[in-house]
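Presented below is the structure to which this report refers.
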Amino acid sequence: MKRLGSLNVYSLLLTLSMLCFVARSQLRTDFYSPSCPNVFKIVRKEVQRAMMNEMRIAASLLRLQFHDCFVNGCDGSIFLDGDDSEKLAIPNRNSARGFEVIDTIKTAVESACSGIVSCADILTIATRDSVLLSGGPNWKVLLGRRDGLVANQTGANSNLAGPTETIQSILTKFTSVGLNLTDVVSLSGGHTIGSSRCGVFNTRFFNFSGSGAPDSRIEESMLSDIQNTCPSVNGDGNKTVPLDRNSVDLFDNQYYTNLLNGQGLFASDQSLATGNETLTATTRTIVELYSDQNQRFLDDFVKSMIKMANISPLTGTDGEIRNNCRTVNS
């Protein structure tokens, strides 16, 4: 009986693996060639326009894909409004942004080819363009995702990595969706662009882990700058600080050099290079490699982004093509 049970479990795992492979194999770079041939031009134009208005939006769109794919897979569920909206989850509330840009892109795409391109695919293309237009790498995106029918606020609260988490905790969340430790380090490099609100991280600069003192790993000049910009008393928690203080809007490997110099903004970032975690010895080696070889970082980042964008996609007849990214079709 035990052997039969083991075989049943094995068969189930094999079936799930095959279903996942089939779903991913249905994604293609030319998925919209016959049905919406201008979708890439339309998305690129709107992302360019949004970035001309505000450079920070590139990082915001990149973050949206992270926060979408780690909850229910890459199904556009982060866009849905409602009581169970993922937008209202703690990691996203007053933090996730760029929804209006996606709305604008969706409207433009619908005008060209109504009911054809999913919100999930629009986000995938817009994310790639955001990285490219920030000076980062280009890559061919796999397309053919469909939109989910439900949001998952509980999943957003539990599945998304936070700025104070340990490497092990983050790795656990990554491995649960098929990513590995190298993906953790390479995708963390997305913090080479964008900014964060003082209220998200300032306890690290004044009262780290309840110690009453700043995190000792913080480089001295950065500590002074942040304490002046984000004071612990009467400070504006909504004021923003660049995630990469030495290369603010350029997508490059400066983020990793910052970590080696004690200039990571988040504790979770800094732990990749310095700290007493067991995994730090391994992640620091990768950080050193990326700091020394920009092209290696860019190549690995692309590989990891493609893997992440392929987390549990809805394909075929699953889900739907939403007319409005914020609501399911009636």
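Every residue gets a Cβ built from N, Cα and C, even glycine.
Because TrEMBL annotations are produced automatically, they should be read as predictions rather than curated entries.
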With reference to TrEMBL, which of the candidate residues CYS230, CYS325 participates in the disulphide bond with CYS119? CYS325
With CYS69 as one half of a disulfide in TrEMBL, pick the other half from CYS36, CYS74. CYS74
Given the binding-site residues ASP68, ASP244, ASP252, the candidate whose Cβ has the fewest other Cβ atoms within 10 Å is ASP252
Looking at the recorded positions CYS36, ARG63, CYS113, THR192, CYS230, whose Cα is closest in space to that of GLY73 (Ca(2+) 1 binding site)? ARG63
Report, as a single number, how many Cβ atoms besides its own are within 10 Å of the Cβ of CYS69 (disulfide bond). 29
Going by C-alpha distance, which of the recorded positions CYS69, HIS191, CYS325 is nearest to CYS230 (disulfide bond)? HIS191
For the recorded Ca(2+) 2 site formed by THR192, ASP244, ASP252, name the remaining residues of the chain with Cβ within 8 Å of the site's Cβ center, in chain order. GLY189, HIS191, ILE193, ASN246, SER247, LEU250, PHE251, ASN253, GLN254, TYR255
Where CYS119 (disulfide bond) and HIS67 (active site, proton acceptor) are concerned, what is their Cα separation in Å, rounded? 14
